[in-house]
Amino acid sequence: MITIALFLVLLYFHDQLGYSAAQLQFGFYSETCPSAESIVRDVVQQAVTNDPGKAAVLLRLQFHDCFVEGCDGSILIKHGGNDDERFAAGNAGVAGFDVIDEAKSELERFCPGVVSCADIVALAARDAIAEAKGPFYEVPTGRRDGLIANVDHAKNLPDVQDSINTLKSKFREKGLSDQDLVLLSAGAHTIGTTACFFVIPRLDAQDPTINPEFFQILRSKCPQGGDVNVRIPLDWDSQFVFDNQIFQNIKNGRGVILSDSVLYQDNNMKKIIDSYLETNQSSKANFAADFTKAMIKMGAIGVKIGAEGEIRRLCSATN
């Protein structure tokens with residue numbers, strides 16, 4: 001596990017993020033619930049031990065939460081119908097709700113009504129990354145839980161079929177840079193799997209961004225007319241380990257989903273990806289450090305603080 005120096009993260013956080021984000025604090029629960037972060041960490045560690053795939057699941061959960069209504073735990077709400085945010089087409093396959101619910105249940109035993117579900121999502125993503133041998137970083141906390149979860153609000157999520165210009169636009173709308181796009185999209189895919197449902201559309205014809213040999217591998221794993229729910233690794237060589245191999249795969253035409261592959265067709269994105277390609281420790285450390293910054297930046301999107309929102313008693317329902 002790579003540990004990122006706290007003072008560097010603090011410096012970046014205060015220099016780069018906006019006013020509302022700066023209201024988040026490192027150690028927000030140090031007095032009201034001192035064991036909050038360790039409780040979440042214990043639950044995540046057990047979940048990833050039982051199923052290593054949970055690491056990527058929890059990382060993806062924070063991404064999808066933050067891109068709709070901001071990082072407010074709105075994706076967790078389940079009213080009972082199909083109009084909730086979690087049922088949006090762009091959230092297909094999003095999971096990890098059970099881990100968040102378990103962490104919340106434990107926190108309510110020790111510190112009832114104190115720790116927000118939005119913060120649990122952010123902490124769980126951090127701990128999941130660390131469990132996958134990725135960087136451990138301090139997470140600013142103090143988010144409050146949102147009150148709105150509407151499927152219509154999730155229509156503009158980044159999609160695996162998006163063009164490079166569309167991806168850039170969607171990230172910029174959230175205050176995220178091209179580098180953040182590379183890190184939070186392709187970089188985050190260093191761990192985890194995807195369903196054949198998202199791959200098969202690329203295989204109708206020979207996609208020029210796919211290595212011909214890899215094209216045949218993908219077609220054998222995700223044949224036309226086959227089970228679209230079959231899952232395959234996003235990082236073909238190390239799906240459970242946080243490393244920079246995903247960038248080499250993309251360069252070599254072994255990107256599994258289109259939204260990863262198209263990044264290398266853009267000159268600016270290509271330069272960013274190439275900067276993380278070296279096998280030396282410095283390059284790997286730079287990727288880990290930059291990924292940490294991008295996660296903290298994303299984790300501050302649209303946060304609710306102070307008297308905004310609420311602290312839910314159950315993560316799946318508003319109070």
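Placed from the backbone N, Cα and C atoms, the Cβ positions cover glycine too.
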Ca(2+) 2 binding, same site as D235, S238, D243 - Swiss-Prot member from T166, T190, T292
T190
Among the candidates C117, C196, C222, the one bonded to C315 through a disulphide according to Swiss-Prot is C117
Can you sort out which of C111, C222 is the disulfide partner Swiss-Prot gives for C196?
C222
Residues close to Ca(2+) 1 site centre defined by D65, V68, G70, D72, S74, Cβ within 8 Å
C66, F67, E69, C71, G73, I75, E85, A118, G146, G302
What subset of the recorded positions C111, H189, D243 lies within 10 angstroms of R60 (site 'Transition state stabilizer') at the C-alpha level?
H189
Residues flanking the Ca(2+) 2 site, with Cβ no more than 8 Å from the Cβ centroid of T190, D235, S238, D243 and excluding those residues themselves
I191, D237, Q239, V241, F242, N244, Q245, I246
